Amino acid sequence: MGCNKVVIKLGGSLITDKSNPHTVNWESLNDVIDQIARFHNKYDSKIVLVHGGGSFGHYEVERIKKNKSIIDKVATSEIQESMLTLALAVIKLLVNSGIPASLHPAHTICNTNNAKNCNYMPIIRDLNNGLIPVTYGDAIFDNEGKIISGDDLSVEISNIINSDCLFFATDVEGILDEKGNLIKEVNKNYKITIINRAQFDVTGGIISKINKAFNSKSSNIRILSGKKLFNALIGEDVGTRIIN
Ligand code: IP8
């Protein structure tokens, strides 16, 4: 069965070029937005989009931490600026595809980097009015600059809106074992030995993504390739299914 209400997290590795600072992977971003538009135009489903930091936010945090022991106000602002630049690229392509997207930077709705401490009402309002709200991992100044992860936002939003689907779209097929083969299902008892591909990922990488995903109450949780997002949205069994 396809998704009626879905939270889609577009991973930074999918939509940016992680080997080049501040670089959007336009080909990949275009492809994934095309799939979302195709799904949106065909089905009457509710969609919330969340995206990660990739070579924008994560790169900035790493750069700042090399020179400063804490993320101060100026650094917070630099991270926010870089994330807003990436968010505008996402919004631009959505709008160009005729998608009624609305932008909700996390630093405008959250009080700190705990995703439970955010005001999701503007997102819920837009969702109920047929828009596609977009939010993203961000920097928030709370005594010092703190990083809120897009994964945490995705899980929290999935629970608050009661989504049936929660998809983490990445640049690989899903969770891969040490031989590079796709693991089809992961439950809490599964002992995960995976290839760690994290490159400047300040919010935890794949293991923490899996652990966070277990906290969602959605019935269909997947880590999957961005190339197969449409297939997952219409109910096909792609990527790694997280059984919570
Ligand atoms: O890529 C982190 O979001 P994530 C955002 O979803 C920043 O972990 C600012 C590094």
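Including glycine, each Cβ sits where the backbone N, Cα and C put it.
What TrEMBL lists as ATP binding site is LYS9, LEU10, GLY11, GLY12, SER13, GLY54, ASP171, GLY205, LYS209. Listed in sequence order, the residues of the same chain lying 6 or more apart from ASP171 (ATP binding site) and placing their CB within less than 8 Å of its CB are GLY11, SER13, LEU14, SER28, SER225, GLY226.
Counting Cβ atoms from all protein chains shown, GLY53 (substrate binding site) has 30 others lying within 10 Å of its own Cβ. Annotation comment: TrEMBL describes GLY53, HIS58, GLY150 as substrate binding site.
The domain 'Aspartate/glutamate/uridylate kinase' annotation in TrEMBL covers 4-222.
What TrEMBL records for LYS18 is site 'Transition state stabilizer'.
Comparing CA positions across the recorded positions LYS18, GLY53, HIS58, GLY150, the one lying closest to LYS9 (ATP binding site) turns out to be GLY150. Each residue contributes its Cα atom, and for GLY53 (substrate binding site) and LYS209 (ATP binding site) these two points are 14 Å apart. Maximum intra-site Cα distance, substrate binding residues GLY53, HIS58, GLY150: 12 Å.
Straight-line distance linking the Cα atoms of LYS18 (site 'Transition state stabilizer') and GLY150 (substrate binding site), rounded to a whole number, equals 16 Å.
Packing around LYS9 (ATP binding site) is summarised by its Cβ count: 29 other Cβ atoms lie within 10 angstroms of its Cβ, all protein chains included. Selection of the binding-site residues LYS9, GLY11, SER13, GLY150 by a Cβ distance under 6 Å from ligand 1 yields, in sequence order, GLY150.
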